[in-house]
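Structure, as structure tokens:
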Amino acid sequence: MNPYPHLRPLLFCLNPEIAHNLTLQILSRAAVFIPRIKAGNPIHLLGHTFPNRLGLAAGLDKNAVAISAFDRLGFGFIEVGTATPRPQSGNPKPRLFRLPEHQAIINCMGFNNDGVVALCQQVAAVKKRTRALIGINIGKNKLTPNERAADDYLIAMSTAYPYADYLAINISSPNTVGLRDLQHGAALCELLQRLKTERDKLSAVYEKTVPLLVKIAPDNEREQLDEMLSIIEDSGIDGIIATNTTLDKTAVTGHRYADEQGGLSGKPLTEKSTKIIAHIRERLPDLPLIASGGVMSADDYYAKLEAGADLVQIYSGLIYHGPQLIKDCLRMPSPQR
């Protein structure tokens with residue numbers, strides 16, 4: 001029996017951010033009571049063996065408080081964060097909106113988090129008994145100007161490095177002013193070069209190489225996207241996560257929340273993100289690629305794999321469909337390529 005259809009109306013009666021935080025609190029306290037799901041076909045990627053191809057996207061468990069619960073629910077990997085060097089409260093509330101008619105969410109959270117040190121303490125407490133791999137998503141603080149953004153990423157990376165199975169470089173959130181400017185041209189080149197250089201030093205110190213992946217936005221013009229892909233390829237960065245939320249709210253025009261600031265996720269992002277995955281795979285056939293965006297069903301999950309993704313993450317789909325979506329995705333066959 002799937003209880004989530006009965007629980008969802010109760011959760012949706014609450015303010016979205018309150019419901020989100022309450023759910024995380026319950027999961028963090030009740031993890032030991034969740035039956036462990038052992039499902040999926042392992043895949044070797046990024047120097048690791050992932051238990052399966054399905055992961056939790058960053059943003060749901062920003063402070064890594066419910067890793068054990070998500071691990072027991074069956075995820076093959078869990079991406080926590082976004083974590084910044086210093087704690088920050090994020091953007092003013094309200095900043096999270098549900099659009100059930102569209103199976104969508106708009107968020108303008110603004111990297112609210114307890115800081116990378118606190119997150120790493122949470123990861124360290126559970127990592128040895130966690131089956132899923134753990135990715136740590138890092139970003140810059142709101143008050144750090146773009147000219148010094150690399151310093152923030154370097155601080156976060158060096159702090160998180162011992163605890164991460166991979167690190168995700170978030171330069172694509174629409175909710176930190178100017179952040180997406182780091183996706184282009186000289187700014188992207190410099191950032192990736194500095195991160196790669198520091199990663200090589202950390203690899204020697206810790207005697208392990210933690211893969212670096214860049215998380216990109218879905219709103220780039222094709223020429224911009226191709227420029228980004230060329231820079232990423234030349235940089236030696238290990239992979240791409242595509243995509244973050246979109247600023248294009250055409251699909252929800254007329255909804256009472258359509259004009260809210262922030263990024264749109266969920267079903268309206270499904271087709272756009274899948275097309276970007278296919279384009280990236282065509283351009284970079286061998287680069288590890290994680291799909292994120294608009295996975296609302298097992299068919300969406302499989303479509304991302306068919307488009308060329310190696311791994312797939314969910315977030316909004318979990319809000320609308322609950323843990324049953326995890327089971328449905330893990331029942332899907334591996335793609336034939």
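Using the three backbone atoms N, Cα and C, a Cβ is placed for every residue, glycine included.
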FMN site partner of Ala58, Gly59, Leu60, Asp61, Lys62, Thr82, Asn170, Lys215, Thr243, Gly266, Gly294, Tyr315, Ser316 (as recorded in Swiss-Prot), chosen from Asn112, Asn137, Asn141: Asn137
From Ala58, Lys62, Lys215, Tyr315, the binding-site residues whose CA lies within 10 Å of that of Cys108 (substrate binding site): none
Neighbour tally for Tyr315 (FMN binding site), based on other Cβ positions within 10 Å of its Cβ: 23
Among Gly110, Gly266, the most crowded of the binding-site residues [Cβ within 10 Å]: Gly266
Packing count at Asn244 (substrate binding site) (other Cβ atoms within 10 Å of its Cβ): 28
